[in-house]
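Engineer: Take a look at this one; I'll ask things after.
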Amino acid sequence: MGIRKKPNKNPPVMSHEFIIQNHADIVSCVAMVFLLGLMFEITSKFAVSFITVQYNVTISTNEGSEESNLNMFHHGIKDLATIFFYMLVAIIMHAIIQEYVLDKINRKKHFSKTKHSKFNESGQLSAFYLFSFGWGASILLSENFLSNPVSLWEEYPHTLMHFQMKFYYICQMGYWLHALPELYFQKTKKEDIPRQLVYISLYLVHIAGCCDCMLYICNLKGKKKKVLEWCGVCFSLNRLGLVLLVLHYFVEFLFHVSRLVYFSNENRQIGFTVWAVLFVLGRLLTLSLSVLTVGFGLSTAEKQGFDLATGNFNVLFVRVTVLAAICLTQAFMMWKFINFQLRRWREHAQAQTLKKKQVAPKSKSKKDKANGVNGVNSHAADSPRARKEKSS
């Protein structure tokens with residue numbers, strides 16, 4: 001993220017600089033339009049599709065002698081509108097954290113341009129990772145996914161979700177989609193854009209693959225087009241995806257907090273060591289859970305076969321594809337991790353070499369001062385000429 005400089009003169013209305021400086025206010029006005037739409041009966045149905053979670057399904061359950069209703073949610077095209085609204089909310093929250101927290105710290109610390117950009121990035125991501133980790137962990141505990149790992153593949157396909165889980169995925173998609181326009185709003189350097197596009201795309205692809213994406217299927221009968229249904233085209237692995245997201249967010253949160261601490265005091269690097277150990281353990285645990293769930297759990301599940309209507313993709317080809325995608329992603333992350341560690345070690349070795357070179361001339365100059373001043377040897381006073389001049 002680049003440094004946002006506010007010039008003294010107001011830029012022309014609707015110019016690039018005007019939009020960048022006032023993007024939070026503009027987006028707030030757009031979000032307010034949807035909120036005001038709830039106040040009027042004519043527009044309330046339209047506004048609700050943007051603000052609230054859609055596609056509620058009531059399921060009757062028998063617990064003992066009492067019958068209770070359970071509210072579940074599935075996916076549909078209106079989820080795209082909800083994701084768009086919470087993308088706007090993410091842009092507003094991003095601007096609030098930037099202006100009222102990070103910018104104030106930057107003024108006190110007087111970071112360089114490089115540190116300024118990295119500090120803003122770590123500050124934003126650490127806040128998001130902490131919030132997502134806490135929220136996701138609470139869902140895992142309430143759903144008993146940690147105490148009962150078999151539930152990760154039981155009752156597959158997992159096309160229905162509780163409110164908290166579906167809202168969590170919608171907010172995740174909204175946040176990572178908001179990161180795309182933020183590249184423009186934050187004046188990101190051209191050399192940093194490819195790196196950020198890579199990890200933003202990885203997040204979007206994997207989150208969309210865990211929850212249910214949509215595909216519009218049509219059945220053509222003569223000249224009439226009959227809509228059959230919306231159905232999941234990904235893998236309905238939202239339970240496994242939630243566990244892996246919480247694990248990954250915890251490790252990433254440690255990294256960005258360690259980087260923030262490092263910027264405040266460069267001698268405090270113990271956080272990077274803790275993060276390095278947990279990063280490797282996180283990759284191993286991710287692979288283990290993925291192989292256990294997809295490789296062994298789904299292969300022994302009751303519902304086998306490929307059925308778009310029910311969202312069942314439990315066939316060998318799909319399972320191998322999912323595991324291959326996860327393994328390739330983990331290998332890519334390990335490759336980046338190894339390069340990062342090697343670069344740190346090289347920089348540390350260069351810093352140690354420079355310190356030794358600086359210490360050597362200092363020690364030599366001290367020795368010269370002990371033998372004489374300004375290059376004159378102290379033993380020169382004992383020379384024959386000096387003794388002769390002294391006697392005379």
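Placement of Cβ uses the backbone N, Cα and C atoms for every residue, glycine included.
As listed in TrEMBL for this protein:
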COMPBIAS  354-367  compositional bias 'Basic residues'
COMPBIAS  382-392  compositional bias 'Basic and acidic residues'
DOMAIN    117-348  domain 'TLC'
REGION    353-392  region 'Disordered'
TRANSMEM  20-40  transmembrane segment
TRANSMEM  80-102  transmembrane segment
TRANSMEM  123-147  transmembrane segment
TRANSMEM  197-217  transmembrane segment
TRANSMEM  237-262  transmembrane segment
TRANSMEM  274-296  transmembrane segment
TRANSMEM  316-338  transmembrane segment
Engineer: Take the transmembrane segment (20-40) and find every residue of the same chain, 6 or more past its ends, with a Cβ under 8 Å from one of its Cβ atoms.
Structural biologist: 4, 6, 11, 46-48, 50-51, 85, 88-89, 91-92, 95-96, 99, 181, 184-185, 187
Engineer: As a test of reading the model: what is the averaged pLDDT for the domain 'TLC' (117-348)?
Structural biologist: 84
